[in-house]
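A.B. asks: Annotations per TrEMBL:
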type	residues	note
ACT_SITE	C336	active site, nucleophile
BINDING	C207, S208, A209, P210, G211, G212, K213, E230, D261, D279	S-adenosyl-L-methionine binding site
COMPBIAS	130-155	compositional bias 'Pro residues'
DOMAIN	94-408	domain 'SAM-dependent MTase RsmB/NOP-type'
REGION	37-56	region 'Disordered'
REGION	123-156	region 'Disordered'
Amino acid sequence: MFRRLVSGDVFILQRRLSQSLKCLRLLSCNSVIGSDRGQDLSREERTVPTERVPSRPEKQKRVCKVILDRFDQQYGQELGPLWPSARAVLLNPGCWQYGVMLNRFTAVSDVKQRLQGQGFISLLPHTDLPHPPSPTQPHPPSPTQPHPGPPPLPPSLQCFIHPSPVRYPSPPHRQGQLKAYYLLNAASLLPVLALGVQEGDRVLDLCSAPGGKALAILQTADPALLCCNEMDPHRRDWLAKTLESFIPQSLSSTVTVSNQDGRLFGQSEAGMYDKVLLDAPCSNDRSWLFSCGTGGDQEGAVRLRDRARLPTLQTQLLRSALAAVRPGGVVVYSTCTLSRSENQEVVEAVLNTCPGVELQDLEEELALPLQEHFTFTPLGHTPSLGLLVVPQQGRTWGPMFLSRIKRIH
């Protein structure tokens with residue numbers, strides 16, 4: 001059982017296992033296929049030593065050949081020369097890097113000092129990296145800066161990374177105490193940075209579980225409302241536990257958990273939000289390569305058939321998100337797959353069928369300031385429908401796609 005934070009009230013929900021969940025997961029925002037999308041660390045990945053450890057041989061995971069063959073065929077064509085290195089990274093979990101996001105609701109000075117002492121560096125250049133202004137608070141151009149950026153990020157959003165695949169220990173659970181940091185794939189912060197939440201914003205995290213991006217949003221600003229939606233009951237359990245482990249009870253009236261079908265928000269709460277994050281269900285490249293289990297390639301073939309249905313669901317969710325945001329507000333669409341059909345083609349389909357919206361460029365705002373840490377697909381392509389982070393040796397972050405769309409009217 002777990003607690004749900006809904007407008008300050010506490011609800012007790014009972015875990016239930018049933019065959020019907022196999023169908024429900026196909027409609028759930030974050031668990032359409034598979035429970036771990038690879039951006040926030042799974043429970044298995046969080047079991048780490050108490051001291052930092054360099055890259056080391058890991059227990060061999062069985063690669064799903066039918067999925068790897070499909071990836072080779074598709075990504076070899078879509079990514080060209082970037083695919084062989086990305087392939088090597090995805091097939092070698094021992095080389096994956098992890099970020100450590102500090103929790104501003106706890107005392108983190110000791111953790112920060114330990115991280116720096118072990119060679120971790122700050123991911124975010126707070127004095128240089130901008131984030132978009134609130135639509136209600138535009139920033140006039142400066143006469144000395146022909147292309148000015150908005151104000152720098154608040155220093156409360158702190159994430160530390162290591163140039164090597166060093167695994168920092170999982171934060172210990174202590175009764176009555178909030179956890180001081182959260183382990184994640186650093187690329188998962190990019191959609192939050194693109195969202196640019198400001199003080200007093202009403203924010204919807206449409207597909208919120210397991211909760212890492214919701215926590216990151218709360219590190220950047222104090223929104224008037226953060227609605228964390230998750231339809232699948234087991235992932236909602238995970239989400240609620242994450243929030244309770246990192247967020248003080250005083251925010252229980254600000255941070256709510258809902259369980260709607262994400263495709264219905266555009267009808268039930270049309271124009272209610274300033275910012276909407278849609279971290280959409282997708283074919284998680286990291287986990288899918290090792291997802292065949294006892295079913296072998298036959299199970300992989302089933303996943304690939306299910307994969308073909310994802311763009312339709314993703315498009316429906318993105319349309320719903322755009323309907324839920326007010327005129328002048330923005331929606332950030334993100335996935336953790338390299339697949340063009342789930343990324344650029346979904347964005348393009350929505351732009352072509354939804355009047356009154358416009359795509360916003362993220363290259364100067366995010367890609368250029370952070371290209372030291374992330375490998376983006378070649379910049380400058382026209383038209384650019386978003387940013388794609390491709391994992392490469394030494395910079396194993398991603399996959400992560402993100403695109404920002406503004407609702408004009």
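Positions of Cβ are set from backbone N, Cα and C atoms, glycine also.
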A.B. asks: About how far apart, in whole Å, are the alpha carbons (Cα) of C336 (active site, nucleophile) and K213 (S-adenosyl-L-methionine binding site)?
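C.D. replies: So the Cα of K213 (S-adenosyl-L-methionine binding site) lies 13 Å away from that of C336 (active site, nucleophile).
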A.B. asks: Could you give the maximum C-alpha to C-alpha distance in Å for the residues C207, S208, A209, P210, G211, G212, K213, E230, D261, D279 that bind S-adenosyl-L-methionine per the record?
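C.D. replies: Among the residues the record ties to S-adenosyl-L-methionine, max Cα distance equals 20 Å.
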A.B. asks: Would you mind giving the whole-number mean pLDDT across the domain 'SAM-dependent MTase RsmB/NOP-type' (94-408)?
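C.D. replies: Overall, the domain 'SAM-dependent MTase RsmB/NOP-type' (94-408) comes to a mean pLDDT of 89.
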A.B. asks: What is the total of other Cβ atoms whose distance to the Cβ of C207 (S-adenosyl-L-methionine binding site) is within 10 Å?
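C.D. replies: Neighbour count, Cβ to Cβ under the 10 Å cut-off: 27.
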A.B. asks: Give the residue from the recorded positions A209, C336 that has the most other Cβ atoms within 10 Å of its Cβ, counting over every protein chain displayed.
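C.D. replies: Of the recorded positions A209, C336, the most buried by Cβ count within 10 Å is A209.
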